[in-house]
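Remarks on the structure that follows.
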């Protein structure tokens, strides 16, 4: 078995060596053309060669990123449309969605997941890890729920991008990730670009904003980071099935979501505020709205008033589409963390901010929440793409360095074996 695994490792390393050797040759060609005073056209052709080589070698992750981005954009748009229709019943929609997720994941897992079970997964209970992920997600939702009440839309978008440095810090501290200077530079470019754009937009709006609630919203990113790291540890160490993890996490979230109920009674929640004596009535009205299409809140409601107006007609269709895209979002997120890493998911997910902003330009996607195009959204998108390219360059350098270290270790091991044979 050791011989077979060693043979596979050598095969994989030789394949990677070939990739990086080609990359080195392209880089050296570029250096030669610069030293020889090559034409501008030749330099551009060389850059396009490097880009084509990178895309060809990592085509799967790029296709997966595009699929994830599409699903994520649709998830956020239908979440917004669901909120506009039945925003008075957040607890009902949350619990119903968790129940649907649990049923769907368990059905699919029972049909397809059991065949993939391994010995580590079969002989160990992961209930503690599942519960920990659910609790971390619940803590994140509660903090975000409070923080969003006094955080403007532009600041919300900026806070989302802060997940990059927060994840980098905790992954370095706990998972022992190591970064190149270009990783830090790329992350800074993404965060600073979006910070400048969103700060400018925040000055143009007159919405209520509070630094304390902004900090509460930022703190919501920490449990999300630990939740994703727990997923990565479970995936990488125990090779647990993605469907099983999502099914069990959804099961525990049915109970951990109940922790949010007392939060609704906080008086500063404005339209989401719900007194204790109205909780049960709100739940009954929520189910009537979602499944029967019956409006309850129709008077003294609307923008800037104590309550949102119900728009329950066809709400179940919008909610069903939201649930579908959210389930797909969860599956792809887990897959990216499983096959790649928490940081890969973080970098990929941060493009959703500018992408969602642009998606709201199209009425067939956004529906009633459509808005006019803004130049600053495209500036944000460009900043993200440029920062991501720089970040990826740092990863390539680290991968090449890792391959060289493995080569040196293999060659040292072979020399040791030869020496031992000679001495015998």
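Residue positions begin at 1 at the first shown residue.
Glycine is no exception: its Cβ is also placed from the backbone N, Cα and C atoms.
Residues or ranges marked as disulfide bond in Swiss-Prot: 289-312 (among others). The Cβ of residue 289 (disulfide bond) has 86, 88, 89, 92, 295, 296, 310, 312, 315 as same-chain neighbours under 8 Å, each 6 or more residues away in sequence. The secondary structure of residue 289 (disulfide bond), as reduced to three states from DSSP, is helical.
Swiss-Prot lists 301-309 (among others) with the feature disulfide bond. Counted within 10 Å of its Cβ, the other Cβ atoms near residue 309 (disulfide bond) come to 17, all protein chains included.
Around the Cβ of residue 88 (N-linked glycosylation site), the number of neighbouring Cβ atoms within 10 Å comes to 23. The N-linked glycosylation site feature in Swiss-Prot is assigned to 88; the stated evidence is sequence analysis.
The topological domain 'Cytoplasmic' annotation in Swiss-Prot covers 1-58 (among others).
The topological domain 'Vacuolar' annotation in Swiss-Prot covers 80-90 (among others) and rests on a curator's inference.
If you look up Swiss-Prot, you'll see 112-127 (among others) marked as topological domain 'Cytoplasmic', on the strength of a curator's inference. Summed and averaged per residue, pLDDT over the topological domain 'Cytoplasmic' (112-127) gives 58.
Swiss-Prot lists 149-154 (among others) with the feature topological domain 'Vacuolar'.
Look at Swiss-Prot and you will find 200-209 (among others) tagged as topological domain 'Vacuolar', backed by a curator's inference.
For 231-248 (among others), the entry in Swiss-Prot reads topological domain 'Cytoplasmic'.
Positions annotated as topological domain 'Vacuolar' by Swiss-Prot: 270-317 (among others).
Here Swiss-Prot flags 339-346 (among others) as topological domain 'Cytoplasmic'. Tertiary proximity for the topological domain 'Cytoplasmic' (339-346) is limited to same-chain residues at least six positions away from its ends with a CB under 8 Å from its CB atoms, namely 61, 163-164, 167-168, 171, 175, 177, 225, 228-229, 231-232, 333.
If you look up Swiss-Prot, you'll see 368-377 (among others) marked as topological domain 'Vacuolar'.
Residues annotated as topological domain 'Cytoplasmic' in Swiss-Prot, with a curator's inference given as evidence: 399-424 (among others).
Per Swiss-Prot, the feature transmembrane segment maps to 59-79 (among others). Proximity of distant same-chain residues to the transmembrane segment (59-79), defined by a Cβ-Cβ separation under 8 Å and at least 6 residues beyond the stretch ends, is recorded for 318, 321-322, 325-326, 328-329, 332-333, 335-336, 340, 344, 348-349, 351-352, 355-356, 359-360, 365-367, 369.
According to Swiss-Prot, the transmembrane segment annotation covers 91-111 (among others). Here the transmembrane segment (91-111) has long-range neighbours at 82, 241, 243-244, 246-247, 250-251, 253-254, 257, 260-261, 264, 282-283, 286-287, 289-290, 319, 322-323, 326-327, 330, meaning same-chain residues at least 6 beyond its ends whose C-beta is under 8 angstroms from one of its own.
According to Swiss-Prot, the feature transmembrane segment maps to 128-148 (among others).
Residues within less than 8 Å, Cβ to Cβ, of residue 301 (disulfide bond) and separated from it by at least 6 positions along the same chain comprise 307, 308, 309, 310. Contact between the transmembrane segment (378-398) and the transmembrane segment (179-199) is present: at least three CB pairs lie under 8 Å, with pairs separated by 6 or more positions in sequence. With a threshold of 8 Å between CB atoms, the same-chain residues lying at least 6 positions outside the transmembrane segment (210-230) that come near it are 129, 132-133, 136-137, 139-141, 143-144, 146-151, 155-156, 159, 162-163, 166-167, 170-171, 174-175, 337, 342, 345-346. When Cβ-Cβ distances under 8 Å to the transmembrane segment (179-199) are tallied for each of 128-148, 249-269, 318-338, 347-367, the top count falls to 347-367. Residue 312 (disulfide bond) counts 23 other C-beta atoms within 10 Å of its own C-beta, drawing on all protein chains shown.
When Cβ-Cβ distances below 8 Å are used as the criterion, the transmembrane segment (155-175) is approached by residues 148, 183-184, 187, 190-191, 194-195, 198-199, 202, 209, 214, 217-218, 221-222, 224-226, 228-229, 232-233, 341-343, 346-347, 349-350, 352-353, 357 of the same chain, each at least six residues removed from its ends. Taken residue by residue with DSSP, residue 312 (disulfide bond) is part of neither helix nor strand, so it is coil.
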